[in-house]
Structures are given as C-alpha cells and as structure tokens.
Amino acid sequence: MKIHEYQGKEIFRKYGVPTPKGILAVSANDAEAAAKELGTSVVVVKAQIHAGGRGKGGGVKLAKSPAEAKELAKQMLGMKLKTIQTGPEGQTVHKVYIEEGLAIGQELYLGVTLDRATSRITFMASREGGVEIEEVAEKHPEKILRESVDPAVGFQDFQGRKLAFGLGLTGPTVNKFTQFCSALYRMFMDTDASLVEINPLVILKDGGVVALDAKVTFDENALYRHKDLLEYRDLAEEEPREIQAKEWDLAYIALDGNIGCMVNGAGLAMATMDTIKLVGGSPANFLDVGGGANKEKVTAAFKLILADPAVKAVLVNIFGGIMKCDVIAEGIIAAAKEVQLKVPLVVRLEGTNVEKGKELLSNSGLAITPADNLRQAAEKAVAAVK
C-alpha cells in the first residue's frame, strides 16, 4: 500500500525522523493560508500523488509569497501530473502540501528496501540526491552505496557511519545521519514497510539532516496487524479495478496492453504474460484467480478483465490442480453470457477434470477458441487482435 508524502512525514515524525514543517491544502485558498501560517520567506508547493519524479513533471514549485503559493496551488490542483513513474496517462492532483523552505547545503538520496538477493533489509544511499535514482542506478551504479542489515542484531551505528563516510559527510553531521538511519530503520520494521525512499535527503547549512521527501510503501500482507495504517489509504489514487479485485481476493494489476489474462497461480500468470510478449503481443493485466476459486470468483475475474476498454482479446490459461477445469469452464460461460462477450476468447485448460471442462466450453454455444498449450494459446490471442 502506497501513501502520500505528507502522510509518510507524519509517520517519520512519530519515530524522530526530522522533517520540515508542512501543512496540507486541498484548495488554492488553503494553500495561501498555509503559507501565511508557516511564515517563512520561501515555501514549497508540492503536488501529492502516489508517484515519484514530481519535480521534473512540474509538481514541486517554490513560492516567495502566500499569493504565489495560492497561484501555484491553483495551477496544480486538478492537473494531470506526468512523471517517469506515472506512465503517459499521468495522475490527477487532488491535494498539495505546503512546506517551509530550508537553507540546503547538500542533497542526497537514502532508501530502505527488502533485498531479495540477500533476504535482508538494505539501506541504499547516494550523493546523487534530487534526481531520478533509477537513472543513476542504470548509468552510474557505482554511485549507489549499499548496506545490508543482519536481522539478528538490527541496524548498527557503525553501518550508519560507514554510509555517512561514503557520502562524504564529516563532523557532527556523521552522528546526526547515523541517528537518522537508526530511526528510519525502527519505523521500517515497526510498520512492516516494504520500501522507504527519501529523495532528497538534505544536509542543511547548519549540519542538520532532514527528510525533504517521503515515499513509503507498506506490505499489504501485513496490514491486518496495522489497522491504524489503513487510515492512510487513498482510494482515489488507486486503480478502480484493483480495488474491486481485492473485494474478491483476486491478485490483479492493470497493465497497458490489449490482451486480458486470467490465470491461476502467480508463476503461471507471469509465464503467460512473458509468452504473449514473446510472440509479439502485449498483456493488459496480471490476474491470478488463486487455487481455490469458485464459479462466482471466476465470473468476477472475467468481468474485471472486460471492464478494461483496452482489452481486445482474452486469454484464459488454467492448470487445474486444486482448482478444477470444469469449475473454471462454468465460470467462463456464466461471465461470457452475463457481459455479452464481444472480444475473441482463447482458452487453454489442463489438469483436473480437463475433458469435462473442454466439453462444457464446446457445448456452450460461445465463440471460444481452444488451445492445447501455452505458446499456441498466446499465438492465437495475438493473432485475434491483429
């Protein structure tokens, strides 16, 4: 689950992670009032969306007066902000964060994430703060420092000092940076976060260390034990179909292709998408119906796929283990009739009750294209949209 910058900073402050003073605004008048309340000669007007790279997209602006803050907020609110992380469609700005200006001496990058290669929480830091870290990682990977945390002992002060020295920090700032990292680690662990990024992390001219940004993502599988964090969820920032999928306990992620996919099992779903790409197509979604789906769940999954106007064909790829192929077939037939299917449908079934499932599809009277294997199914789906 992603949250907004202002929400991330609220959590930071609870753990003693230094942040600038800021006030949320949902209108231009609110922005003007916030700038007056902060009382600094310069304020920063920041668009609040669930994506990074806002600065380059025009979502972070300096204002030297409350009137200017009002005008900038007026321009941002309601705009479609496009960044490297939003895709070409962009995201609508519904709120802005008005923050005090600071005397910045240096901009750095600091991130905490789960490193699957080491199975450990890992700190990443770079002197290249304030720019796209993805670009730095691609062009200059040597500029990113990494420090893995032993789960048995947690984050140690020497690791903070090691990162600080690698970033070129000196004097009292080294200890301030170390304390900053320790507090961030506690927050990461306590909230079951999966990613925390601060870009930029700034060193003030007086040597202070402050989080000028906050990008926080939580592990959705752990939210059952963090009811307080659910209050931060902003459904307006999430894909409507993904919200609907959660209601049916479906794993659904919208993509930008035109071939809808319904598969059971995450591994098979990824293999299906890879095969579609391999034969020249583009998947419209990732959708795993799980191993114990019933007819109603399959119907809901089918309707979810077809709710995407970009879908020009549907590929169903099911290996029936726990899930029986005849149950899948019944769900496909029910959904196709209910939504009045108008796009080509390719179905590949294998496993438990496969012959019964194929018989149901064959006798359904629907225009269903059968396939005997994954590659053949992908080729038929791609051919159907060309």
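Placed from the backbone N, Cα and C atoms, the Cβ positions cover glycine too.
Pulled from Swiss-Prot, these are the features on record:
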type	residues	note
BINDING	K46, G53, R54, G55, E99, L102, E107	ATP binding site
BINDING	N199, D213	Mg(2+) binding site
BINDING	N264, G321, I322, M323	substrate binding site
DOMAIN	9-244	domain 'ATP-grasp'
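Reported as a whole number, the C-alpha separation between K46 (ATP binding site) and D213 (Mg(2+) binding site) equals 10 Å.
Taken together, the residues in the domain 'ATP-grasp' (9-244) have a mean pLDDT of 92 on the 0 to 100 scale. Using a 10 angstroms CA-CA radius around N199 (Mg(2+) binding site), the binding-site residues that qualify from L102, E107, G321 are E107. Distances between the Cα of I322 (substrate binding site) and those of the binding-site residues G53, E99, L102, E107, D213 are shortest for G53. A straight line from the CA of M323 (substrate binding site) to the CA of G55 (ATP binding site) spans 47 Å. Closest to N264 (substrate binding site) in space, going by CA atoms and restricting to the binding-site residues G53, G55, E99, E107, D213, is G53.
Rounded to a whole value, the Cα-Cα separation of E99 (ATP binding site) and D213 (Mg(2+) binding site) is 11 Å.
E107 (ATP binding site) sits 11 Å from D213 (Mg(2+) binding site), taking the C-alpha atoms as the reference points. G321 (substrate binding site) sits 49 Å from G55 (ATP binding site), taking the CA atoms of both as reference points.
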